[in-house]
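In TrEMBL this protein carries:
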TRANSMEM  99-119  transmembrane segment
TRANSMEM  184-202  transmembrane segment
TRANSMEM  214-232  transmembrane segment
TRANSMEM  252-276  transmembrane segment
TRANSMEM  310-333  transmembrane segment
TRANSMEM  380-398  transmembrane segment
TRANSMEM  419-438  transmembrane segment
TRANSMEM  444-464  transmembrane segment
REGION    478-498  region 'Disordered'
COMPBIAS  489-498  compositional bias 'Low complexity'
Amino acid sequence: MASIFQAFPQLRTAAPRLTRRLFVSRPCVNSPLRPSLSRAPASTARPSILRSVRWKSTQPLRNSATAGAAHVEVSGIAEGTTQSGGRASSWPNTSDKSVAYWLLGSAASVLGIVIFGGLTRLTESGLSITEWRPVTGSLPPMNQDDWESEFAKYRASPEFALLNPNMTLPEFKQIYFMEWTHRLWGRVIGMTFLLPTVYFIARRRVAPSMAWKLTGICGMIGFQGFLGWWMVKSGLKDDLFAPGSHPRVSQYRLAAHLGAAFAVYCSMILSGLSILKEHRMLADPAAAAKAIETLKHPALRVVRRCVPALALLVFTTAMSGALVAGLDAGLIYCEFPYMGLGLTPPKQELFDTFYSHVPDQSDLWWRNMLENPSLVQLDHRILATTTFTAVMALFGYTRFAGSVRAKMPHDAKKGVMGMVHLVWMQAALGISTLIYMVPTWLAATHQAGALALLTGAVVLYSRIKLPRRAIMQQILKQHPVRSPPPTSRPVVPRPSQK
């Protein structure tokens with residue numbers, strides 16, 4: 001062996017390293033870099049004995065080059081995976097701000113058409129168009145023959161025969177344009193909401209949940225148009241109570257039409273405000289984490305539950321007002337708080353058997369509650385008083401309960417105060433409308449006040465509710481909320497037992 005080392009002096013230097021090159025441990029064989037190294041040529045993977053010295057001098061460079069190539073390969077695979085995952089889920093986490101502004105603008109348009117629809121009903125203009133033509137009805141009569149044809153159709157309706165038998169063609173044009181403008185406004189709202197919805201969803205400008213919400217609102221707008229014609233159709237025949245009675249639309253269908261408009265309006269407002277709130281939170285995650293921690297406080301749990309119930313109470317009160325309008329119940333008992341000789345009319349008047357439709361009178365209660373003008377007005381008064389009391393109770397609870405007042409966000413306090421102002425205004429408008437026997441401008445303002453009060457409830461709910469789970473997890477991941485350490489209880493030594 002010594003003679004071999006003397007003949008080849010290079011082996012004395014290369015022998016200690018040959019054992020490490022030729023005999024590799026098992027973890028090295030199972031290394032992730034092994035497949036890339038195994039594909040290398042044999043001359044570079046295992047050098048000859050005569051080149052061991054050169055291999056030793058260049059080994060650090062080779063190791064760094066191999067590791068760098070492997071690192072580039074792995075990072076490239078990871079980057080490709082991330083890009084492919086991004087392409088697979090290209091929906092944004094939150095919707096664009098332009099979607100929020102568009103939703104709020106659409107809600108303002110719905111608010112306008114609701115007020116204009118109240119004026120259309122109060123001026124007895126809603127039954128002037130006796131046909132429903134969603135496409136061709138967009139154009140008014142263009143010549144004298146078309147006007148004569150439309151006027152002839154209106155003269156065949158019970159409203160002309162019983163209410164306007166002396167109406168002339170110029171007077172008919174006035175009420176016709178009121179109803180035509182109302183219907184055209186509804187078509188414009190539908191188109192200006194449907195087309196942007198398709199654009200925002202196609203361009204992936206909205207979150208997946210918001211895409212479903214926008215699609216649902218589009219469906220509600222289309223259904224709203226059908227409800228409008230379904231309501232008008234009920235007033236084109238005189239069969240609501242008895243032949244010869246005052247022609248009017250069904251109070252049930254009027255409430256359904258108005259309720260659908262309120263639902264569309266609230267959906268637009270709440271969706272737009274939620275998008276703006278998410279953008280504000282993501283712009284300042286540290287402040288958003290503190291706000292989420294505050295909203296999760298147990299002291300605000302009662303407020304978060306009461307605000308949606310209060311919004312539902314306001315909506316129910318508004319729907320009872322639609323029943324009052326459909327039955328013209330505001331034209332009786334035009335005084336407040338009394339109704340005749342007492343706070344309520346006599347019981348025989350409230351539960352009259354005239355409104356029962358079955359021999360056993362099993363529908364006496366609910367028929368009178370929905371069709372008897374005296375009881376319908378009393379129900380509206382009770383609901384309105386309950387709404388006023390509930391708003392004032394919420395204000396007192398958020399202001400005088402110490403823990404709630406300390407944890408209540410500032411914008412939520414302003415929202416409660418805004419509801420207090422709106423409910424006082426709405427109560428004054430309702431009483432004034434009743435005392436002055438339902439003038440047109442005052443009744444329309446009272447209906448707008450109901451929608452304003454509902455808007456206040458929706459805005460307050462958007463300020464007190466927690467954000468979506470995805471947004472909340474993203475914020476808390478960036479700025480986790482650290483819970484205070486538990487206080488250690490002092491160890492009290494037990495008394496020794498004798």
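Each residue, glycine too, has its Cβ placed from N, Cα and C.
TrEMBL annotations: computationally assigned, not manually curated.
Since the structure is predicted, the reported quantities are computational estimates derived from the model, not experimental observations.
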Other parts of the chain folded back onto the transmembrane segment (444-464), taken as Cβ under 8 Å at six or more residues beyond its ends: 111, 114-115, 118-119, 122, 262, 265-266, 269-270, 273-274, 277, 295, 300, 303-304, 307-308, 310-311, 314-315, 317-318, 321, 325, 387, 409, 411-412, 415-416, 418-419, 422-423, 425-426, 429-430, 433
Chain residues in Cβ proximity to the transmembrane segment (380-398) (below 8 Å; excluding those fewer than six residues from its ends, i.e. six or more beyond): 302-303, 306-307, 310, 313-314, 316-317, 320-321, 323-324, 329, 336-337, 339, 404-405, 408, 412-413, 416-417, 419-420, 423, 426-427, 430, 453
Spatial neighbours of the transmembrane segment (419-438) far in sequence, C-beta under 8 Å, 6+ residues away: 122, 330-331, 333-336, 384, 387-388, 391-392, 394-395, 445-446, 449-450, 452-453, 456-457, 460
Outside the transmembrane segment (214-232), six or more residues from its ends: residues with CB under 8 Å to it: 126-127, 129, 132, 134, 183, 186-187, 189-190, 193-194, 197, 200-201, 206, 249-250, 253-254, 256-257, 260-261, 263-264, 267-268, 271
The transmembrane segment (252-276) in contact with the transmembrane segment (310-333), cutoff 8 A, at least 3 CB pairs, sep 6+: yes
Proximity verdict for the transmembrane segment (184-202) and the transmembrane segment (99-119), three or more C-beta pairs under 8 Å: yes
